[in-house]
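Taking it in order: structure first as structure tokens, then the write-up.
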Amino acid sequence: MLKIADTTFTSRLFTGTGKFATPTLMAEAIKASGSQLVTMAMKRVDLKNGNDDLIAPLKSLGIKLLPNTSGAKTAQEAVFAARLAKEAFDTHWIKLEIHPDTKYLLPDPIETLKAAELLVKEGFVVLPYCSADPVLCRRLEEVGCAAVMPLGSPIGSNQGLQTRDFLRIIIEQTSIPVVVDAGIGAPSHALEALELGADAVLVNTAIAVAKNPVLMAQAFKAAIDAGELARQSGLAVPTSITHMQAQASSPLTQYLEAF
């Protein structure tokens with residue numbers, strides 16, 4: 001079980017809604033993933049006419065919708081988008097994204113911290129997308145964020161956990177859930193994140209652009225389940241080769257003495 005703010009999740013796989021060929025395929029893949037939390041950019045929502053073709057299938061699955069502020073370049077823009085999301089979706093949950101860099105979509109740490117503090121004071125449950133910066137994540141926790149979402153590698157890069165050393169520190173030092181977001185390109189990346197100690201991962205591109213998104217969603221679900229089981233069972237601690245003394249798992253001593 002994973003608890004964030006006032007909600008408990010049985011799935012540690014969060015998903016996105018972008019890049020799918022059709023809304024129907026999106027809904028089928030998300031259902032196959034077992035995800036219970038799905039993020040959607042406010043910039044994709046038609047506030048006048050609604051987005052029933054996108055939102056209705058998600059509601060029918062009973063999935064919690066997490067609007068995000070993707071596209072915001074400043075704290076002011078992000079706060080405005082969050083308020084619109086609260087009105088449009090009747091939710092106080094928000095994924096905070098501020099990335100003025102339109103090429104690499106890297107998060108702005110200063111504006112993110114500023115917006116997070118403002119939104120928490122307004123009663124939002126804030127989940128900020130941020131760089132894998134242990135100091136920043138501590139600051140985000142201190143201002144009241146419900147979780148932190150550090151990147152594994154740049155959005156859409158599918159490069160996996162390029163920031164794993166920093167993620168380890170974040171996981172060790174923070175007492176709120178850590179959700180690895182961005183760069184998860186294969187089920188093995190998601191499994192690694194859970195083995196590191198992350199509480200969940202958010203995956204979009206790797207599922208949406210797969211040749212078979214539904215099958216890929218199932219693969220990610222299996223990877224997340226395996227990662228969680230591995231962590232619960234107690235992983236063997238790696239030993240430096242320079243300090244290692246090999247030990248046979250099936251010694252032959254007693255067998256040979258029998259002869």
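Note that Cβ sites are derived from N, Cα and C of the backbone, with glycine treated the same way.
Over in Swiss-Prot, the protein carries these features:
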type	residues	note
ACT_SITE	Lys95	active site, schiff-base intermediate with DXP
BINDING	Gly156, Ala182, Gly183, Asn204, Thr205	1-deoxy-D-xylulose 5-phosphate binding site
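Mapped onto this structure are the features recorded in Swiss-Prot.
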residue : record                                         : DSSP class
Lys95   : active site, schiff-base intermediate with DXP : strand
Gly156  : 1-deoxy-D-xylulose 5-phosphate binding site    : coil
Ala182  : 1-deoxy-D-xylulose 5-phosphate binding site    : coil
Asn204  : 1-deoxy-D-xylulose 5-phosphate binding site    : coil
Protein Cβ atoms within 10 Å of Ala182 (1-deoxy-D-xylulose 5-phosphate binding site), excluding its own: 29
Comparing the binding-site residues Asn204, Thr205, which residue's C-beta has the most other C-beta atoms within 10 angstroms in this structure? Asn204
Whole number in angstrom, please: the longest C-alpha to C-alpha distance across Gly156, Ala182, Gly183, Asn204, Thr205 for 1-deoxy-D-xylulose 5-phosphate. 9
As a test of the contact definition, list every same-chain residue at least 6 positions from Gly156 (1-deoxy-D-xylulose 5-phosphate binding site) whose Cβ is closer than 8 Å to its Cβ. Leu105, Ala182, Thr205
Of Lys95, Gly183, which of the recorded positions has the most Cβ neighbours inside 10 Å? Lys95
Taking the centroid of the Cβ atoms of Gly156, Ala182, Gly183, Asn204, Thr205 (1-deoxy-D-xylulose 5-phosphate site), which other same-chain residues have Cβ within 8 Å of it? Pro154, Ile155, Ser157, Asn158, Ile184, Gly185, Val203, Ala206
Give me the CA-CA distance between Lys95 (active site, schiff-base intermediate with DXP) and Asn204 (1-deoxy-D-xylulose 5-phosphate binding site), in Å, as a whole number. 14
